[in-house]
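Peer 1: The following block contains the structure, expressed as structure tokens.
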Amino acid sequence: MAAKEVKFSTDARTRMLRGVDILADAVKVTLGPKGRNVVIEKSFGAPRITKDGVTVAKEIELADKFENMGAQMVREVASKTADLAGDGTTTATVLAQAIVREGVKAVAAGLNPMDLKRGVDLAVAAVVADVKSRSRKVATNAEIAQVGTISANGEKEIGDMIAKAMEKVGNEGVITVEEAKGLDTELDVVEGMQFDRGYTSPYFVTNAEKMTVELDNPYILLHEKKLSGLQPLLPVLEQVVQSGRPLVIIAEDIEGEALATLVVNKLRGGLKVAAVKAPGFGDRRKAMLEDIAILTGGQVISEDLGIKLESVNLEMLGTSKRITITKEDTTIVDGSGDKGAIDARCKQIRAQVEETTSDYDREKLQERLAKLAGGVAVIKVGGGSEIEVKERKDRVDDALHATRAAVEEGIVPGGGVALLHAVKALEGLASGNADQEVGISIVRRALQAPVRQIAENAGHDGAVVAGKIGESKDLSFGFDAQTGIYTDMIKAGIIDPTKVVRTALQDAASVAGLLITTEAMIAERPKKDAGGMPGGDMGGMGGMGGMGGMDF
């Protein structure tokens, strides 16, 4: 076991605070509409430019082990806030730094760290309750766009695009962000359920120009096994021919005689038909077939359920308004499934999302949920260079998370104003003793930190701005750093999601409380470099002893 180095009390806290300051100072320059960028060197490829707090925090690793521990604890604040709310990472870092700084001073002055932490926790609970009570639901599409715009660093185009995407696919729908090939940022919306399997044979194509299969009002046969023999298929094919409607077969695989017969019938014009492989693999395939069955009002033909293909009638088949099949994917638009059954299925998938511990499974379940609930939107982010595209993609991701958070828990005035005005909730807050009272005061001061930092990044005096906002009785009154004027934040469209503000404060206080109560730190002792080795130490290398001190 390697030797360890141990630091105690003031020495430990001072080193730790230095690490906190280095990380927080690098992150906080990005806060607000006039926040600056940070350039990060990459071991390969071009440097990365970002204005995203958590991206900066994740890149910082300090040489001093004790300083690094402090920095890593605050990095944890940014990561946790990013995971829970998707935005507000810089605010969380600024709050954590403010609480730790004041807390370390108080401990150095001889106050009890545990009581300080209890005071901090009391104050945070009161502030969170106050912020929640002032939160209001997002009512209009314009407000969704405003949240997106603020989070995307004032880029209105991004805010509008996210609002449009959410309007199209609903709040449950999946919105993904990709890098575009060109200069422009575009929005692609796929309405209905789409899965990544195309036609099994190009002979099924109905639109030769686009090489797609387009079928209106088709029957949909869902089969979980392979189809290779013709005999079991004949009864259902005859019924479909008599109905005069098209047929789409979705099965594990369609091959041999079955596929040949379908192709011949299609070419002779006796039957409009197309065959597609079922999406997914293993248990996920079964679940997705079940989803399609519920969406289209059909049944999965499965021998586990005792249903044989020979005994299938038209009532067991699903239907939809339209199906479009390309070489790569299939889109089912407007399935005729029962709305109650679809809602119940969505509820079931949501419960699985809550329970699962695997990120991969969660992502797949959310995709299934979106396909059932509304559709998929893809925002393709363009730019003049690869570096610019990556930087914009970071901002679009942030904006998307912030917008989802706003829809979930509502909005409060932005620009750090909600936290600054929440100071009033701490007046008359009962504490157990004088040390806890100091803990409450620490939070009272820390709540000003985001407003001060936003103002300072815009070239104004943070203390003056915070003082002026604090004097106002109007809880929406704040400072628009973009224009440099005091205004009603809600009317100016400067709004933050309640969830982001709440999560930032809770995560910051949680980690800061642990840092304040630290009394000893243990780190591995750095290994001493064995400089240029003298000749004598190279025993066993015969006559090469004299080469020990050479630089190669």
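For all residues, glycine too, the Cβ spot is worked out from N, Cα and C.
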Peer 1: Determine which of Gly159, Gly170, Gly173, Gly415 appears in Swiss-Prot for the same ATP site as Thr30, Leu31, Gly32, Pro33, Lys51, Asp87, Gly88, Thr89, Thr90, Thr91, Asp496.
Peer 2: Gly415
Peer 1: Select one residue from Thr30, Thr90: among these binding-site residues, choose the one with the most other Cβ atoms within 10 Å of its Cβ.
Peer 2: Thr90
Peer 1: Please state whether DSSP places Gly415 (ATP binding site) in a helix, a strand or coil.
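Peer 2: Going by the DSSP assignment, Gly415 (ATP binding site) belongs to neither helix nor strand, so it counts as coil.
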Peer 1: Under DSSP, is Thr90 (ATP binding site) helix, strand or coil?
Peer 2: helix
Peer 1: Provide the number of Cβ atoms within 10 Å of the Cβ of Gly415 (ATP binding site), excluding the reference atom itself.
Peer 2: 27
Peer 1: Express in Å, rounded to the nearest integer, the largest CA to CA distance found among the ATP-binding residues Thr30, Leu31, Gly32, Pro33, Lys51, Asp87, Gly88, Thr89, Thr90, Thr91, Gly415, Asp496 named in the record.
Peer 2: 17
